[in-house]
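Enquirer: Please see the structure below; I have some questions.
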Amino acid sequence: MHRRQFLAAASLPLLLAALPARAASDLLRIRDLYNKDLSFSPYAKAHEGRTVAVRGYMAPPLKAQAKFFVLTSRPMAVCPFCESEAEWPDDILVVYTDDIIDVVPFNVPIEVEGGLELGTYTDTQIGFVSRVRITSGSFEKM
Amino acid sequence: MKLFIAALVAGATAASACAQAQDALPQAGSEWFKLGQDTLAANLAKKPNTRRARNIILFTADGQGVGTNYAVRLFSGQQKGLLGSEYVQPQEAFPHLALVKTYTTNGQTPDSAPTAGAMNTGVKQKNGMINIDPSVDHGDCAGVTGHELKTFAEIVSGEGRSVGVISTARLTHATPAGVYAKTANRNWEDDSKLPEGCTAQKDIAAQLFDQVKAGVIDIALGGGRRHFIPKDAKGEEGKSGKRTDGRNIIKEIQDLGGQYAWNEDTFKALDLDSDKPVIGLFEASHMKYETDRTGEPSLAEMTAAAIKKLSKNGNGFFLDIEAGRVDHANHDGNGYRMMTDGKAFADAIALADELTDDADTLIIVTADHEHSIAFNGYCGRGSPVNGLCYDVDGKGVKHAAEPLKGDDGKPYTVVGYLNGVGSVLKKQDDGTYSGSRPDVTEAQAEDKDYVQQALIPLSSETHSGEDVAIYAKGPWSQLFDGTVEQNYIFHVMNYAAHNGE
């Protein structure tokens, strides 16, 4: 089903005008950024620095008024920083936003759009280490 | 013995006579009729094995009750190009079967701790506790003294048998811990989790070390490295430990002469002919799901390695093998990973069966509990069990082209859950929960990250108290029959290990 039709059928009051004309199945999944050995995929390398759209779920944010969140492949009910790193799947994606995020429940699928950044980066404010990020991200419920 | 043979001949003759008398039936030429006759003949030919079991292998797929097992069967068959329902998993070809009541002394719905304890000690226990008699309160560290139960591993190792434990979950998780640990709280996986002042028992990882040192455990393979190393140390994969007592239990096992593996390469390099203990810790936490697995051995590979090592002992062995992540995938409401890990479990069973002799090895395949999984609709044959439910085709065998729809006009998947993260009720801004069922396409449903729709919103899908099955073969496997209590499994293992020719 075309994404516009899907949204219309679901009667969700979203910003349809801002949506890219793309079938839902064309959306990138987090796993598309990795090879099975967790090295970056050819797609990820080819799109480094470019704008990509990824589907996933917003993990519960660390704090209110945050300008970042963790995108997960499947719903994760726990806050990423409240548990050891070992509790977390390897295929998560940190999303940095320009504005304070509107929190979406952890089990509502979202589409994130932003710049793809690869390479290890330590967030100086929260100490979170990420291997891959979305910068200037925006997101919508699917 | 003569009497036994005479009885068999009489049985076979009766079956033959019955078959002849039924030849006139109009359905006698049907393949289904012939299959039924074949099954009858096979059952009439079953011979009870009353030899003493030299080896005992207990397989547990965590959370793979009768319903989950059904999903794995269809998935495995459909992966082979079959319609699915007709597929027979390796364990389903075993000759003896029972249903198991999994409740605990205080739980109508169990968790994996007391269920493991029941299988390993012969008595039911309290939820959240392992191998402590149920007079002790959950979490009462001081109360455990004098209430520790003796495990099957301790019994048979004391008689000269070897013991192994394998899990795709953390080795300190409930099911594998049931083989070697005694704890008032299943969450005390390392010393940092023990309550202050708790001296009556050690943490679970420390208990594994003690059991290795005592010669009870000869090989242990699984995940959970973080519980064996200090919090200020990092494991081979760069993840921190959890221990606050400074112990590096991996090094301590190596100091005993033991071998350690942490990835696929070091696993392959293990000397399985050595009589020194082996510990494999392939992840900081749980091992990977089968579909995501990279750089670490499969459950079947770990099973083969353990059998190879344990078989060196002429007195025999006890090997406990858990597919620990069938349960986790169900908790996540993710049918695909539940089914792929269930298939990996079946592959391990097939290999264990191949590597052992039915004459002297009792193999038991079971689960500790079921989940809130449920199955939708009057699906036609071949409806993808990880996809949508399609209508029955009245003119044929395989399902019709159109998916069945709910009264809301939307298709539904074959698998669903009664609760969990896939709930169609979503949290609203005002804190209330509401919503409607999302639409779903075949491609979306078959995606390996798809989360099946559920009803009650919960952060983790729950177990259920529904029965699970036992499939068994080998010495005294005929003792599994009817509907039994879970703790009965110990009694059959213990009887089979000590009785017979």
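Cβ coordinates are placed from backbone N, Cα and C, and glycine is handled just like the others.
Any TrEMBL annotation is an automated prediction that lacks curation.
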Enquirer: Which single residue out of B:GLU290, B:GLU296, B:GLU301, B:GLU322 does TrEMBL record at the Mg(2+) site shared with B:ASP62, B:HIS173, B:THR175?
Expert: B:GLU322
Enquirer: Can you tell me which binding-site residues out of B:ASP62, B:HIS173, B:THR175 are within 10 A of B:ASP327 (Zn(2+) binding site) by Cα, answering none if there aren't any?
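Expert: So the list is B:ASP62.
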Enquirer: Filter the recorded positions B:SER112, B:HIS331, B:ASP368, B:HIS369 down to the ones within 10 angstroms of B:ASP62 (Mg(2+) binding site), Cα to Cα, kept in sequence order.
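Expert: Those close enough are B:SER112, B:ASP368, B:HIS369.
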Enquirer: Which ones, of the binding-site residues B:HIS173, B:THR175, B:GLU322, have a Cα no more than 10 Å from the Cα of B:HIS369 (Zn(2+) binding site)?
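Expert: Cα within 10 Å of B:HIS369 (Zn(2+) binding site): none.
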Enquirer: Non-local Cβ contacts of B:SER112 (active site, phosphoserine intermediate) (under 8 Å, 6 or more apart, same chain)?
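Expert: Result: B:ASP62, B:GLY63, B:HIS173, B:ALA174, B:THR175, B:ARG186, B:ASP327, B:ASP368, B:HIS369.
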Enquirer: Between B:HIS331 (Zn(2+) binding site) and B:GLU322 (Mg(2+) binding site), how many Å separate their Cα atoms?
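Expert: Computed Cα spacing between B:HIS331 (Zn(2+) binding site) and B:GLU322 (Mg(2+) binding site) is 17 Å.
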Enquirer: If you skip the near sequence neighbours and keep only those at least six away, which residues in the chain come within under 8 angstroms of B:GLU322 (Mg(2+) binding site), Cβ to Cβ?
Expert: B:PHE59, B:THR60, B:ALA61, B:ASP62, B:ILE166, B:SER167, B:THR168, B:ALA169, B:THR175, B:PRO176, B:GLY222
Enquirer: Using the Cβ center of B:ASP62, B:ASP327, B:HIS331, B:ASP368, B:HIS369, B:HIS463 as the Zn(2+) site position, which other residues in that chain lie within 8 Å, going by their Cβ?
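Expert: Going along the sequence, the neighbours appear as B:GLY63, B:GLN64, B:ASP111, B:SER112, B:VAL326, B:ASN330, B:ALA367, B:GLU370, B:HIS371.
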